[in-house]
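Asker: The transmembrane segment annotation in TrEMBL covers 67-88, 108-131, 188-208, 220-242, 262-289. Taken from TrEMBL, the feature domain 'EXS' covers 270-470.
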């Protein structure tokens with residue numbers, strides 16, 4: 001009896017030395033010493049017997065965020081240098097006579113998307129500043145809980161920054177190496193990809209945000225309902241991008257008529273030429289949309305200031321169409337009659353728009369917040385805080401308002417690099433404008449809430465008479 005084996009549980013305390021602990025595995029609990037190394041080795045052996053690999057620590061697998069960020073920056077730099085090198089070599093392969101015309105055509109297809117990318121980057125900066133200043137922009141624009149943050153906006157802008165130059169590099173490379181048909185397909189595929197990404201009906205790639213954007217565009221084009229802040233805010237941005245829309249129309253026209261990577265469009269009087277009637281029509285559409293919004297606001301509110309705002313947008317119409325008349329009238333009539341009228345209308349439009357920005361959109365004037373910083377607003381306190389910033393914004397707004405007339409005039413659009421620079425500066429002006437416009441709307445909303453709260457807190461005379469705890473009458 002004493003010589004027989006005694007069955008004891010493997011986790012019995014009598015089978016373990018003092019200070020040791022049982023290691024529990026899928027097979028059971030086994031006797032190990034107190035060394036953690038022995039426990040780890042036994043666990044690995046058991047997992048190998050079962051064909052299972054022991055999981056490693058997540059911190060040991062994932063690289064540090066700083067290292068990952070540096071790696072991304074390195075890849076981005078390599079990509080940028082490669083695109084520049086390939087594009088330069090491709091352009092240098094062409095003859096000098098063909099080079100300028102070809103660059104003008106390539107620039108026409110890709111500069112609208114580059115400017116859109118720039119606008120997306122700026123909008124991400126706007127949202128970041130609003131978030132830092134505790135400005136509830138989701139409430140101002142009536143956004144849902146799934147709205148995009150500044151990080152997601154920047155992510156979209158990053159992809160746009162990489163895709164558009166890559167397609168342009170492929171276009172230059174293929175055309176310079178004789179692959180004309182493949183080169184012509186590059187801008188077509190790019191435009192189709194952007195259109196599909198915007199209207200894709202499935203729940204991927206920020207469906208709710210894309211739906212909100214498309215719905216707002218629909219409300220801008222057809223203002224059959226009350227105008228919200230998001231409606232006229234986006235419509236104002238569209239006025240700054242009127243040249244972008246005009247170039248998009250020119251590009252799509254050439255794609256539809258199969259004139260990409262050909263010389264058919266060099267004729268100015270052709271369907272897609274530089275003298276086409278569609279150019280001033282597309283340029284004026286954003287201003288007409290905004291004008292109709294003002295008329296709709298007057299119908300709903302009966303405020304006369306909305307009519308004055310509508311008058312401001314109507315002043316852009318003669319600037320656009322008088323410029324387009326240069327190609328359809330005799331030169332003497334243009335010099336003696338239409339060009340002075342065009343200059344006058346340009347001055348009126350620039351000064352009227354500048355005045356409206358300061359006194360209405362921004363609620364700034366020389367006798368209010370510019371010289372009074374004792375009570376800075378939330379966004380003013382965070383961003384500006386110094387008088388010179390207000391002078392900078394007002395000065396640049398005036399200058400860029402005047403130069404924007406250059407962009408609205410189709411007869412001054414031959415130097416495409418100058419036109420691109422002025423359009424980029426106009427987008428930058430709108431980027432600055434957005435800070436003050438949203439801040440002004442946020443202050444109005446807060447003041448209305450304070451008035452409502454004060455009205456609720458102060459009972460009227462009838463409530464005082466009926467209140468038993470109030471005055472005795």
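Any Cβ shown, glycine's included, is placed from N, Cα and C.
In TrEMBL, annotation is done automatically, which means it is predicted and not curated.
Keep in mind that this is a model prediction, so the values were computed, not measured.
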Asker: Using Cβ atoms and a strict cutoff of less than 8 Å, what residues sit near the transmembrane segment (108-131) while being 6 or more residues removed from its termini?
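Answerer: For the transmembrane segment (108-131), the nonlocal Cβ contacts are 137, 148-151, 153-154, 156-157, 160-161, 164-165, 167-168, 171, 187, 190, 194, 237, 241, 244-245, 247-248, 250-251, 260, 379, 382-383, 416, 420, 423-424, 427-428, 430-431, 434-435, 438.
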Asker: State the non-local partners of the transmembrane segment (188-208) in its own chain: residues 6+ outside its ends, Cβ under 8 Å from one of its Cβ atoms.
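Answerer: Residues 113, 144, 146-148, 152, 156, 163-164, 167, 214, 251-252, 255, 260.
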Asker: Let me know the model's mean pLDDT on the domain 'EXS' (270-470).
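Answerer: The answer is 78, the mean pLDDT of the model over that range.
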